[in-house]
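First the structure, in the form of structure tokens, and then the observations on it.
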Amino acid sequence: MPRVDDDAVGVPLTGNGRGAVMTEAYVIDAVRTAVGKRGGALAGIHPVDLGALAWRGLLDRTDIDPAAVDDVIAGCVDAIGGQAGNIARLSWLAAGYPEEVPGVTVDRQCGSSQQAISFGAQAIMSGTADVIVAGGVQNMSQIPISSAMTVGEQFGFTSPTNESKQWLHRYGDQEISQFRGSELIAEKWNLSREEMERYSLTSHERAFAAIRAGHFENEIITVETESGPFRVDEGPRESSLEKMAGLQPLVEGGRLTAAMASQISDGASAVLLASERAVKDHGLRPRARIHHISARAADPVFMLTGPIPATRYALDKTGLAIDDIDTVEINEAFAPVVMAWLKEIKADPAKVNPNGGAIALGHPLGATGAKLFTTMLGELERIGGRYGLQTMCEGGGTANVTIIERL
């Protein structure tokens with residue numbers, strides 16, 4: 001595996017196909033809050049304060065001077081109310097950190113904080129930055145999902161595209177939603193309700209097993225709440241196939257129920273990235289290196305199939321096979337998203353979301369990307385693996401892929 005060389009100033013960027021000499025982007029540490037359910041332990045914490053908790057939790061563990069940070073990049077969806085005004089910058093200042101450090105907020109829908117990590121890695125690889133804090137924050141209890149879109153109704157926009165002549169010319173006025181997309185996926189890949197219920201139940205079972213085994217202990221920072229210290233994800237539920245079978249479909253005549261969907265959640269996550277020069281100058285010990293970052297897109301009507309071509313693209317770019325990947329985190333926005341991906345990519349199901357996914361653990365939108373990244377890193381270390389791959393479906397049909405190599 002690559003090592004940090006005191007004399008190195010640049011290394012070939014793996015998989016770029018051009019032989020360009022660029023610096024490595026090292027993963028120094030990654031943390032997250034436990035995920036709170038809607039109305040749960042984190043519901044009363046202002047989003048700015050929630051983000052500040054993640055930054056503090058990260059930097060307290062890494063013991064780096066906050067003034068050394070070149071930029072703070074945070075993912076957040078529905079940037080209105082307490083999540084407006086560039087929450088990356090506001091939460092950094094709320095944490096008490098230096099005013100001279102800038103911040104920027106990213107919205108790539110559900111993949112926002114995964115994209116934040118990618119932007120941070122790109123800044124380091126290009127040599128324009130040495131230390132980046134990347135992550136995400138979302139309080140869905142305070143700012144409900146799609147708030148930014150529903151606010152537009154007062155200005156005459158019933159959807160982001162309802163008045164776009166060019167959009168209507170290309171896609172018509174058909175429904176564009178994650179619910180329809182999930183149903184279309186289930187239909188195209190012939191996924192039965194019973195299969196999706198079994199998958200969803202497995203997510204809860206794996207999450208409970210991971211919590212009992214302490215798999216998340218090192219990645220979760222403690223949040224002091226009015227009811228005491230908060231350290232355990234609130235989402236996993238004791239369920240059964242019988243209970244799931246009794247639920248009504250999300251749409252009339254559909255196959256999907258609430259049991260197959262990710263949970264509305266609150267949380268924050270943070271990752272520290274550094275160049276090899278910063279590793280040497282600040283005495284840092286990397287846990288991994290960024291091996292590959294990319295994003296691709298697919299049909300916006302199906303919306304959630306992007307991880308399939310995105311994964312193929314990433315594997316082709318790096319020359320890796322799916323069997324070379326030791327652990328995978330793919331966001332469980334809905335059960336059919338992961339199940340279709342498994343059918344197409346032919347990954348070992350045991351390696352995919354081995355500690356449960358968003359169906360059980362929750363999906364705090366803008367924070368989920370860095371949350372999954374954090375869990376992937378911890379799992380790689382736990383099993384002694386080399387490569388981890390993360391991918392997420394996103395609104396509009398896009399998908400990110402990140403591959404890391406454990407050091």
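Keep in mind that glycine also has a Cβ here, set from the backbone N, Cα and C atoms.
Around C110 (active site, acyl-thioester intermediate), taking its Cβ as the centre, 28 other Cβ atoms fall within 10 Å, counting all chains. Annotation source Swiss-Prot lists active site, acyl-thioester intermediate at C110, citing similarity to another entry.
Annotation source Swiss-Prot lists CoA binding site at Q178, R237, E238, S239, S262. All chains included, 21 other C-beta atoms sit within 10 angstroms of the C-beta of Q178 (CoA binding site).
H363 (active site, proton acceptor) falls within a strand when secondary structure is assigned with DSSP. Annotation source Swiss-Prot lists active site, proton acceptor at H363 (among others), citing similarity to another entry.
DSSP assigns C393 (active site, proton acceptor) to a strand in the three-state reduction. Summarising the annotation, Swiss-Prot assigns active site, proton acceptor to C393 (among others) and lists similarity to another entry as the type of evidence.
Look at Swiss-Prot and you will find G395 tagged as substrate binding site. For G395 (substrate binding site), other Cβ atoms within 10 Å of its Cβ number 24.
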Which state, by DSSP, holds Q178 (CoA binding site): helix, strand or coil?
helix
Just to be sure I understand: of C110, H363, C393, G395, which recorded positions have a C-alpha no more than 10 angstroms from the C-alpha of S262 (CoA binding site)?
H363
Filter the recorded positions C110, R237, S239, H363 down to those whose C-alpha lies within 10 angstroms of the C-alpha of C393 (active site, proton acceptor); answer none if the list is empty.
C110
Which is it, of S239, S262: the one of these binding-site residues whose Cβ has the most other Cβ atoms within 10 Å?
S262
Have a look at the recorded positions (R237, E238, H363, C393) and report the one with the fewest Cβ neighbours inside 10 Å.
E238
Entries of Q178, R237, E238, S239 which, being binding-site residues, have CA atoms within 10 angstroms of C110 (active site, acyl-thioester intermediate):
none
Cα-Cα distance linking H363 (active site, proton acceptor) and E238 (CoA binding site), given in Å to the nearest integer
18
